[in-house]
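Engineer: So Swiss-Prot lists these for the protein:
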ACT_SITE  His697  active site, proton donor
BINDING   Arg17, Glu18, Leu19, Lys20, Lys117, Arg518, Cys519, Trp564, Glu608  5-methyltetrahydropteroyltri-L-glutamate binding site
BINDING   Ile434, Gly435, Ser436, Glu487, Asp602  L-homocysteine binding site
BINDING   Ile434, Gly435, Ser436, Glu487, Asp602  L-methionine binding site
BINDING   His644, Cys646, Glu668, Cys729  Zn(2+) binding site
Amino acid sequence: MAILNHTLGFPRVGLRRELKKAQESYWAGNSTQEELLAVGRELRARHWQQQQQAGVDLVPVGDFAWYDHVLTTSLLLGNVPARHQNADGTIDLDTLFRLGRGRAPTGEPAAAAEMTKWFNTNYHYMVPEFHKGQQFKLGWSQLLDEVDEALALGHKIKPVLLGPVTYLWLGKVKGEPFDRLSLLNDILPVYQQVLAELAKRGVEWVQIDEPALVLELPQAWLNAFKPAYDALQGQVKLLLTTYFDSVGHNLDTLRELPVQGLHVDLVGGHDDIAVLNKALPKEWLLSLGVINGRNVWRADLSNWFERLQPLVGSRPLWIGTSCSLLHSPIDLSVETRLDEEVKSWFAFALQKCGELALLSAALNAPGAAKQAELDAYSAPIRARRQSSRVHNAQVGQRLAAITAQDSERQRPYAERAQAQRERFNLPAWPTTTIGSFPQTTEIRGLRLDFKQGRLDGNNYRTSISEHIKQAIVEQERLGLDVLVHGEAERNDMVEYFGENLDGFVFTQNGWVQSYGSRCVKPPVIIGDISRPEAITVEWAKYAQSLTDKPVKGMLTGPVTILCWSFPREDVTREVIAKQIALALRDEVEDLEKAGIGIIQIDEPALREGLPLRQSDWAAYLNWAVDAFKLNAAVAKDDTQIHTHMCYCEFNDIMDSIAALDADVITIETSRSDMDLLEAFKEFEYPNEIGPGVYDIHSPNVPSVEWIEALLRKAAQNIPAERLWVNPDCGLKTRGWPETRQSLANMVLAAQRLREQQA
């Protein structure tokens, strides 16, 4: 029996981000819906054709989404919140966009659905909303329409459907509390209807995604899989698909299910292939995810051939990507600025399709010629292990020399706080911002001109200096207590540091979707990380020279730089994080020498880096916290270390937040009405806190009374002497008019509280 290969999904946005541009044009009213639909059809046809030409046996259909595939599933099931429903009950493309964005060219604006991370990736999905007694019906035919499209084009296809249990797991209850799992029997008839429609079209296999099976699920949720799949069996063959981690701990549940195949992720997970092969019913197809869908590295096909060949003939086998290629850039061939050595180490989505074809061909017809092909393909991986671009002996030596004391400040917080009060003499309720100020068209144009050689270094620095000066003048005029330089020189909080550290490379077109039309271009960590020279000191020192008030030095923390980059695969994430920490430790020391007394080390991704299974959290948090402390602990007692985190769940990691031992932590709290601070109160968090007093994601200007009320509420949880006053996050995406007005109101609210306290 032949071993087929398949992908679990393909990037949607297009090589030149065509989907993003078409979406934003439509939203702005500059193009019609038919023009947008035409772009979608063209992209789908191109991507199916590209996969087929690369040698993929079964192309996925249903992986395309206008905004997000979980949102697409909500519409498929007719799950549209009342605030977004059309008067006639129909669902259209603008319904989808209102759910995703809060507004669309037609229909009334209303609050968008909540957005959160898709498992442990940097992709975001729109959270389904569930109400007690909710009804479901087949409401959106996108999947069936796209199957018809692909079949008409002559492709061998495998429709992709998010499974019912994972769909419910990913959602949230709204209104009267109830168990959302109780809705399972209500959504199953819609799934049955969809599968029946696919069977009518001659579909043999359906990829039904249940990634929740890699989690440590409550028993009630595990018990739900058997009745769910009992209801879905019999119409088409079901490939139960898991990814991002192992499934071995849920094997007892899995092997009782009436499905015809199982896909496992052998890259993100560490399941023993032999154990799986023995444990699963012999008639089942076993699909092995061997090509990493989440990274950019060339696969070691020789190694995979050795691992997989013993299974050939033992059962029906497929090979595939570990997960959807959604998380990978599209095509390496258009990267013209990467040097050939580094380029030979990479594979993007199209190249990964070629890897599948090469490996499946070798497994189907092994022999000396095929082995030579695999060895030749894998040769750059072996060469990379010896490359001077990868290994820096000094970094290794420095890492090996780390002691426990290197991660500890000289004195405990209480003693440091006294030294810092004496140094800075700040008022009660000190005011500050998180770091960035509005990135105007002029600022972005300056950076682009400099990057493309249209502006020389001297003129660039002069222009950036003027913008920094403007930011300082604005802050002094507003009456802020601790200032920032505004980050005019930075395009992105991770990319800026990656560009100035050895061990990183950057792509021209390595875009991946983050959510909706937003795409990011992560740096790639290719080798040992070091800092050849100071990165931020020049600008921080200049900004400090313009004012008598303290100016914060601004760094992105090691865990965030790691999480928002494509990491190496030949060393652990812990090693990478600590290499970054050592490089930035030198930056802290240099900032101190330049007279900067307050240094902020942002770690918004600390929680995002958590493993999927809670039993694995402790090991991660130990090294993640240690990396932050290694970065910060070189600071003197009277240097105040700030950190910023912008997520909304602290309760289960409060021990680790406290263990960071930052002198001040600023957090995102305005949208939760300060409720997040209860976790800090219950934990008796000992250090200083700046709860965000207004939401920077909205152009709305908060009133003085609103901010004052939030701060009073904050003071019920945290002693006033340990409270700071600041926005939720950086102001990069805002305009100057609302920024000035919002900050003026914030400063006035703090002044009122000081007067009342006096």
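Note that Cβ sites are derived from N, Cα and C of the backbone, with glycine treated the same way.
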Engineer: If you run the three-state DSSP split on Cys519 (5-methyltetrahydropteroyltri-L-glutamate binding site), which class comes out?
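Structural biologist: DSSP assigns Cys519 (5-methyltetrahydropteroyltri-L-glutamate binding site) to strand.
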Engineer: Which ones in the same chain are close to Ser436 (L-homocysteine binding site), with CB under 8 Å and 6+ residues apart in sequence?
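Structural biologist: Within the chain, Ser436 (L-homocysteine binding site) has Cβ neighbours under 8 Å at Val484, Gly486, Glu487, Arg490, Gly730, Leu731, Lys732.
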Engineer: Write down the Cα-Cα distance for Ile434 (L-homocysteine binding site) and Lys117 (5-methyltetrahydropteroyltri-L-glutamate binding site), rounded and given in Å.
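Structural biologist: On Cα coordinates alone, these residues lie 23 Å apart.
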Engineer: If H, G and I count as helix, E and B as strand, and all else as coil, what does DSSP give for Arg17 (5-methyltetrahydropteroyltri-L-glutamate binding site)?
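Structural biologist: DSSP call for Arg17 (5-methyltetrahydropteroyltri-L-glutamate binding site): coil, neither helix nor strand.
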Engineer: Among the binding-site residues listed here (Leu19, Ile434, Cys519, Glu608), which has the Cα closest to the Cα of His644 (Zn(2+) binding site)?
Structural biologist: Ile434
Engineer: Between Gly435 (L-homocysteine binding site) and Cys729 (Zn(2+) binding site), how many Å separate their Cα atoms?
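Structural biologist: Taking the Cα atoms only, Gly435 (L-homocysteine binding site) lies 8 Å from Cys729 (Zn(2+) binding site).
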Engineer: I'm trying to understand the geometry here, so how far is the Cα atom of Glu608 (5-methyltetrahydropteroyltri-L-glutamate binding site) from the Cα atom of Glu668 (Zn(2+) binding site), in Å to the nearest whole number?
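Structural biologist: So the Cα of Glu668 (Zn(2+) binding site) lies 15 Å away from that of Glu608 (5-methyltetrahydropteroyltri-L-glutamate binding site).
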Engineer: Measuring Cα to Cα, how far is Ile434 (L-homocysteine binding site) from Cys729 (Zn(2+) binding site) in Å?
Structural biologist: 6
Engineer: Provide, as an integer number of angstrom, the distance between the C-alpha atoms of Glu668 (Zn(2+) binding site) and Asp602 (L-homocysteine binding site).
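Structural biologist: Each residue's Cα considered, Glu668 (Zn(2+) binding site) and Asp602 (L-homocysteine binding site) end up 13 Å apart.
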Engineer: Would you list, in sequence order, the residues of this chain other than Ile434, Gly435, Ser436, Glu487, Asp602 that have their CB within 8 A of the centroid of the site's CB atoms, where the site is the one recorded for L-homocysteine?
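Structural biologist: For the L-homocysteine site the neighbour list reads Thr433, Val484, Met493, Met554, Gln600, His644, Gly730, Lys732.
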Engineer: Specify the count of other C-beta atoms within 10 Å of the C-beta of Arg17 (5-methyltetrahydropteroyltri-L-glutamate binding site).
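Structural biologist: A 10 Å sphere around the Cβ of Arg17 (5-methyltetrahydropteroyltri-L-glutamate binding site) contains 17 other Cβ atoms.
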Engineer: Take the C-alpha atoms of Cys729 (Zn(2+) binding site) and the residue listed as 'active site, proton donor' and report the distance between them in angstrom, rounded.
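Structural biologist: Distance (Cα to Cα, whole Å): 8 Å.
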Engineer: How many whole Å apart are the CA atoms of the residue listed as 'active site, proton donor' and Asp602 (L-homocysteine binding site)?
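Structural biologist: A Cα-Cα distance of 18 Å.
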Engineer: Have a look at the binding-site residues Arg17, Leu19, Cys519, Cys646 and say which one has the shortest Cα distance to Asp602 (L-homocysteine binding site).
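Structural biologist: Nearest by Cα distance to Asp602 (L-homocysteine binding site): Cys646.
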Engineer: Between the Cα atoms of Cys646 (Zn(2+) binding site) and Cys519 (5-methyltetrahydropteroyltri-L-glutamate binding site), find the distance and write it as a whole number of Å.
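Structural biologist: Distance between the two Cα atoms comes out at 19 Å.
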Engineer: Judged by the number of other CB atoms within 10 angstroms, which among Glu487, Asp602, Glu608, Glu668 is the least packed of the binding-site residues?
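Structural biologist: Lowest Cβ count within 10 Å among the binding-site residues (Glu487, Asp602, Glu608, Glu668) is Glu608.
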